[in-house]
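Visitor: After the structure tokens below, expect a handful of questions from me.
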Amino acid sequence: MASRSLGGLSGSRGGGGGGGGKKSLSARNAAVERRNLITVCRFSVKTLIDRSCFETIDDSSPEFNNFAAVLEQILSHRLKGQVTWFGYESPRSFWDYIRVACRKVSQNCICSIENMENVSSSRAKGRAWIRVALMEKHLSEYISTALRDFKTTRRFYEDGAIVLGEEANMLAGMLLGLNAIDFSFCLKGEGLDGTFPAVIDYTPYLKFEQSSDSISSDEEELRTFGSSDSESSTPENVGPPLILDENTWFNKCKRVRQKYQLTLEQKGYLEELLRLRENQLSESVSQNKILLQRIEDSDLAHKLEKEQLEYIIVELQDQLKSYQSLDQLSAEVSLSQASLDPSHSQEGDGKQDSLNFIGEGKEDTPSLLGLCGSLTSVASYKSLTSLKSNDCLASPTTELTSPGLTPS
């Protein structure tokens, strides 16, 4: 019984150690895989930039095909499958992630790729997106925007994916250099075929380095230890040849010279354009100074005119107040004079009343002249003397001078 228990205990310990070893091995493999993909992506970007100095990059360029394969492998690294109704996971393309995570990019091409007629599968749409983003020079912006949406990235990828690790920031940075390249792609070519996955060609980036402890050269070691059949698969034969013929060097020199001439012409054109723009800028600056001076002068004139108008308004207000005070003073003076001289007003009123009374008396006695007759006759005068005691008759002199008592 004791031996059985010890055996079971040792077996359980051995099983636990084996499980820990498997986890560490899988973690190492995942780290190596991530490091390999990021390194190959850096190499592919560098070779793509170097090739763009000599020719236009299109679908036939092997450097671009290798870069597209590397980027597709990176975006598909540890991508979760799509769960069906029956609980099974179906394979998913990285386009499903890009379509959701890159919606926030301004003026994105997501809808255009979704509406393409000759592209049906998700893998083909993802490859078309890579080409369109490179032609638009926005691939780095798409990747950066997608990586910032950590919630969506976490939903589409498993733990240990490149887009969830520290390598993601390196990926967005190295893709930024591709914005300086002019790409030309045909979105109806064979490169968009989504039937087969992309395969990375590692041979352009492999280089055999001789150890410092080795005595013989690499060629002697390969001839000694390798056969004729195996020599064809050595890195020497697979990679670029070490010695190039004279024609190849001449062609490369010719291309470099043509590139130099083109660059020199572009440099002269840009310098001439720069001088023209500098002249235009100096003219604009001088015109701007003149306009600013005019604006300052007009502002100063407006301020002076405003001050003058305000001064005139103040003067007019003072004059108006003085006139109002004079009118009020004249009214007070007239009232005071009327209150100080009441006899004059009473005499005027009495004269007016007497005149009115005389007129009324004359109108009340219209037959008086007929009874008295003419004032020139003696009889009339005698008859008038007898009536002197009456107050209503005036004196003969008054009657003679009065216009109303003229003889008929």
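In case you wondered, yes, glycine gets a Cβ from its N, Cα and C as well.
A quick note: this is a predicted structure, and the numbers were derived from the prediction, not measured.
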Visitor: What residue among Ser60, Ser122, Ser216 has an entry for phosphoserine in Swiss-Prot?
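Guide: Record lookup in Swiss-Prot returns phosphoserine for Ser216.
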Visitor: Of Arg13, Arg223, which one does Swiss-Prot label omega-N-methylarginine?
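Guide: Cross-referencing Arg13, Arg223 with Swiss-Prot, omega-N-methylarginine lands on Arg13.
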Visitor: Look up Ser217, Ser227, Ser284, Ser343 in Swiss-Prot and give me whichever carries the note phosphoserine.
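Guide: Matching Ser217, Ser227, Ser284, Ser343 against Swiss-Prot annotations yields Ser217.
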Visitor: By DSSP assignment, list the helix, strand and coil residue numbers for the domain 'RUN' (58-190), in that order.
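Guide: Summed over the domain 'RUN' (58-190), the classes give 77 helix, 7 strand, 49 coil.
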